[in-house]
Amino acid sequence: MPSRQWDRILIAVACCVVTLTLWSLCAWQLIIKFHTEITENVVPPCFCHNGGICQDGACVCPDEWIGLLCDIANFCEASTYTYNNSEGDIKNLTFERIIVGKYGSSNEKCEPHTANGNSSIAIRLCSRNGIIPTLEEPSVQNCNENLDSLASQVETADSSAVLEIAKTTQILTAMPDQLTTQNISAAMDISVQILKKPNISDDPQASNTVVATVSQLLDAKETEFSSDLVNVTSRLTKTIEEFSLMSNITQTNIAVQSVPLMLNSSAILFLAQRDETPGNYQTTKLEIQKDATGLNDELSTEVQILLNITSNSKRAGFVLYQNDKLFQSKTYLSHSNFSKQIVSGNIDGGTASGVEIAFNPKYNTSKFLLHDYACVFWDYALNDWNTAGCTKERGQFLRCKCNHTTHFAVLMAFKINYKYAKPLECISYVGVGLSIAGLVITILFQIFTRKTRKSSVTWMLVSLCSSMLTFNIIFISGIENQNARNLSSNTSGYEQQYSTYYTTNNTLLKSDMVDPPGDSWCMAVAVLLHYFLLATFMWTALNCAQLYLLLIRAMKPLPGNFIVTMSAIGWGIPAVVVAVTLGATYREGKALNYRQEEFCWLAALDQDQNFSTEKPMLWSFLLPVALILLFNIIIFIKIIVSVIWKENKDLTRNKKDSLMGKITSTISVVVVLGITWTTGYFMLINQEETSLVFSYVFCILNATQGIQICILYTFRSPIFRKKVSKMSSAWKVPEISVYLHSQIYHVSKLQPVKHFRETFRSFETENISFSTFSDSY
């Protein structure tokens, strides 16, 4: 068998061994992955209806549906109600679907010329009678009255007028998301005046209507609760606290409870518990226990407050707010939508030696971890939260002990539960390791065989290999975030929620979100990876441009200062992109605007783990790389059509050899132009199995890009084989030249044959490399 055939067989065997090894590792990793997923505690699937989302084996239902499978209606259907207006005319009021516990507004509006022009004429409550949603009678407003005019009438209004004012106020605040700061202020003022009316507790309809209005105000936009409302909110909360001694009213966002005390009462416990009966709609059960011995340890308890009474008292009152919109802090900033419950206890005619409070907040433990909390009370003198007289207590839930009895809360600070990247898999280590070795060999070969090849070092290929080599070294040594070693993401939800790692110091928190510990090393790694990977792609584009000039425009010389210009572009443009990205995103203490926390790479996802177009991953990497790959693909198609696969009747080789040469040349161009990186974009497919397959394909093709370049552009060189044969007599590789084109073309009588042959040296054996395209550079 000719030595040339042995040469090809050896190369094919080597390539097959490497490929089979990598694909075997890939299959092994996939088997382990799926086997682990099967053998782990599998959460049974849930088949949610009506838009429900399955999370941790349970259905999370939209507001309109409840039940284990989101198959029980939690709304009242659209309805029509007929009534007689003030003029004695029969009118119809139409209402859309209304969620249980909410008020719906009529489609009919007040006339534009009235004081409440274009506002709904009536509202209607959807309540629940057992398990059946039921519509109550609509409340019709007076279109000639608005909140400002009503506020001016309350003080002199009699009991019957007060009820009408309360009803109209409730109607006008039935659409909380449309309320302005002025509307909220006027509605609060009306509520305060009505609740301060003598014997208002004796009018249950009026008092219920006022508390319902306050509940609606707590659904208004957070941004509308500005500093201008500080005085009116303080008056409202103080008034509700006094009112709590006289009445029992429960609404969606606020509960007011009162209880008489015996002369010998020593302690009283107020608690709110979730109704977690399977299949039932979610509700909160309020309970008051006299002479309680301590706090309740049941997990279903949301919030509880224990008053230790030291003197005879007549009554005790409690208020529970489901959010903190009436308590706008200037110190504690809230960036999340976590519900922050506020509880208050009040004793009439007595004192308390101390107050014990426990909160059991519910939040998504798969996304967030509770970092710390503070026990606080609302200080009316400061109009802000204060920690004086409050301490943290060890035990179940988030427990506090205070010397005050009014408006308590726990301010919580969360941190995102980052799913840190697992250590690199064997495929990555083997592939990147082979690439590093191959790139080192290729760079050294280009440098030390300069005299043997009688040509200068191929700067373009060396630059490409150098940037790729640096990227691989940094990737394999620094891609993992060091914070992953310090923080465990495998803590169970119960341990996360009730663990005792919080600080014992009860200091006022500044924010409800805490960034992970700063890691300058990870930031540096992300910047370097960003730069050298962009540089790698830029050099593939420059190699592509050079290849086009040498093959397609062979008759025209390369521009002057070609190497200097290419170097400035190849190393300079990536530096500009990285610098602009850092300048636009990085801020002191906000490193995650630029990089990810899971591993040291560009930020791509928002707080909800969705791909964000505002993150630098898109506009500083994916888009530039996509443009480069598009350019490379266009030039690649041009080259294979016009040069490599172009029909040439003058070829003297047999058809088989010609086909082999064309395939080898095509693969060589694909590898050095980085076209295999296009598979990375398929990883963005929002389908787990498909994305996983492309992830492994992408890993194999690109983690081994360095060794592929080494095989195709170094190992196949006759000079390399000659050097190896001299070093090892045991394995002697014949010095064979494999020609893709064996002819010498005489294009012009005025041009020496030798010069033209040198231009097309790339078609000779040594010269499937770009080094031969630029031997004169």
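Residue numbering: from 1, along the chain as shown.
Placement of Cβ uses the backbone N, Cα and C atoms for every residue, glycine included.
Ranges compared are 408-426, 427-445, and TrEMBL records transmembrane segment for 427-445. Segment annotation: TrEMBL labels transmembrane segment over residues 562-586 (candidates 12-36, 562-586).
Counting Cβ pairs under 8 Å to the transmembrane segment (621-645), the top-ranked stretch among 427-445, 457-479, 523-550, 562-586 is 523-550.
Remark: secondary structure over the domain 'GAIN-B' (273-418) totals 0 helix, 74 strand, 72 coil, with classes taken from DSSP.
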